[in-house]
Amino acid sequence: MAFANLRKVLISDSLDPCCRKILQDGGLQVVEKQNLSKEELIAELQDCEGLIVRSATKVTADVINAAEKLQVVGRAGTGVDNVDLEAATRKGILVMNTPNGNSLSAAELTCGMIMCLARQIPQATASMKDGKWERKKFMGTELNGKTLGILGLGRIGREVATRMQSFGMKTIGYDPIISPEVSASFGVQQLPLEEIWPLCDFITVHTPLLPSTTGLLNDNTFAQCKKGVRVVNCARGGIVDEGALLRALQSGQCAGAALDVFTEEPPRDRALVDHENVISCPHLGASTKEAQSRCGEEIAVQFVDMVKGKSLTGVVNAQALTSAFSPHTKPWIGLAEALGTLMRAWAGSPKGTIQVITQGTSLKNAGNCLSPAVIVGLLKEASKQADVNLVNAKLLVKEAGLNVTTSHSPAAPGEQGFGECLLAVALAGAPYQAVGLVQGTTPVLQGLNGAVFRPEVPLRRDLPLLLFRTQTSDPAMLPTMIGLLAEAGVRLLSYQTSLVSDGETWHVMGISSLLPSLEAWKQHVTEAFQFHF
């Protein structure tokens, strides 16, 4: 499998020693160097296939493009703001994170922030250290009976919910992905955002920073909130519009805010940090010994599992590949690449629409991981993209002038096992269709344009194939073709024919090497092409 040939990994930020040990026990060489400049980082990466970072190292486009051997970047943490995902994807570099490692620590910090907001603990502490005794100034509010709005109900959001419910808080929330039935199972009633704002005494955000979540809390939404609402952001700077938050604090619409993250870190504009009703931390959500150890352990295990071909988890820029490492899917990935390579050789760098069709119950959801493999086969030589792979295939196929669609049909009546994996290429009204399936763990070619092979043709990476179509059954044809092979110094290793379809027969020869030219062949047959994937 691709991405399973790592040899050496650079760890460029401080991580728990368990990370290095797990990598080494998994057979990987490990180099640990911290506080590297961009130039030093590039120099170190010249001999590394893998890179593991936390948040300090900036994996920019310059770094990615200069790191010729780099195949995988692992972020020991959740956010990947410090990795240029577009540049990594374009170069076919896999980016992974550890989505579970920080969850508990971030949730606990959020809960602590809510309690501090309710009782003004940091402000009271500062007052005491200043030699004052101001009991009346720091009148707080109970959490019991208050409503907490949780925006984002993934791992962290649900951990916050269950903890704050123990304080007697009513938890409501919103998440476009998590179903209301699932959130109800951990005690959160989902409502539309416009219904959430006026109900909440406290609001906490736990979403990624996306165009749709940037400025989620803004002047308009603050105006819809209950007067005196308190806001917590331990997720990503920018989800809460900092200018709008400051205005809401100054007007009293917002009674307090607790911020662990900022649009700019560290923030140069100190207006929010210095506001008396703002509690702030220097991005401490993952700063616990347990989270650091867990993140280091998780990213190392993910690297080792990937190298061994066991699994692929935590993928950020190619989520469809997660299933590509399953024992069932692996041979289908090989089949898809083989059919893509066949199509490129047959149709001659096609332009138009590539249709990837899966059939059979076991392939119902496989289209998203099979279509990139088809694209790899189509583009690997035709576009001279030596580094085209399952990560960047969908990006590069658009630049090649191709459109890719996927569809699925159920198994044929009476079909018990795996369905067929089909690929159709439409080219200026001249359809090309190759049909394949997997027998055991071997990809095989079942048919071309309706002509069926019995038995099917094995598709092996070490076996070049020559395919040609004839209209008549000429007894002298096979000796002639073998003679042409001999003239080119190429040996015949296997030979199969299709059943006759519309008066024509497809022939498939396994040969020792690709022929330098097919011109002599085309004088004797209707069409011919060869490929090796």
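Every residue number used here counts from 1 along the chain in the order it is shown.
Positions of Cβ are set from backbone N, Cα and C atoms, glycine also.
Residues annotated as N-acetylalanine in Swiss-Prot, with experimental evidence given as evidence: Ala2.
In the three-state DSSP assignment, the secondary structure recorded for Ser14 (phosphoserine) is coil. Around the Cβ of Ser14 (phosphoserine), the same chain contributes Gln34, Arg54, Ala56, each under 8 angstroms and 6 or more positions distant in sequence. Residues or ranges marked as phosphoserine in Swiss-Prot (evidence: a large-scale study or a structure entry): Ser14.
Here the Cβ of Lys21 (SUMO1 cross-link) has 14 other Cβ atoms within 10 Å, regardless of which shown protein chain they belong to. The SUMO1 cross-link annotation in Swiss-Prot covers Lys21, and the record cites a large-scale study or a structure entry as its basis.
A sphere of 10 angstroms centred on the C-beta of Ala286 (NAD(+) binding site) encloses 25 other C-beta atoms. If you look up Swiss-Prot, you'll see Thr78, Arg155, Ile156, Asp175, Thr207, Cys234, Ala235, Arg236, Asp260, His283, Leu284, Gly285, Ala286 marked as NAD(+) binding site.
If you look up Swiss-Prot, you'll see Thr78 marked as phosphothreonine. If you draw a 10 Å sphere around the CB of Thr78 (NAD(+) binding site), it holds 25 other CB atoms from the protein chains shown.
Residues or ranges marked as active site in Swiss-Prot: Arg236 (among others). According to DSSP, Arg236 (active site) is assigned to coil rather than to any helix or strand.
Taking all protein chains in view, 12 other C-beta atoms sit within 10 angstroms of the C-beta of Glu265 (active site). In the three-state DSSP scheme, Glu265 (active site) is classed as coil. Annotation source Swiss-Prot lists active site at Glu265 (among others), citing similarity to another entry.
Non-local contacts of His283 (active site, proton donor) by the CB criterion (under 8 A, 6+ apart in sequence, same chain) comprise Ser55, Asp260, Val261, Phe262, Glu265. Annotated active site, proton donor per Swiss-Prot: His283, in sequence order.
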Seminar exercise, completed: Top of the binding-site residues Ala235, Leu284 by count of other CB atoms within 10 A is Ala235
For this session: According to DSSP, folded down to helix, strand and coil, what is Lys21 (SUMO1 cross-link)?
Result: helix
For this session: Between the Cα atoms of Ala235 (NAD(+) binding site) and Lys21 (SUMO1 cross-link), find the distance and write it as a whole number of Å.
Result: 30
Exercise. For Thr78 (NAD(+) binding site) and Lys21 (SUMO1 cross-link), what Cα-Cα distance in Å is obtained after rounding to a whole number?
Worked result: 22
Seminar exercise, completed: DSSP output for Ile156 (NAD(+) binding site) maps to helix
Exercise. Quick one: Cα separation, Ala286 (NAD(+) binding site) versus Arg236 (active site), in Å?
Worked result: 12
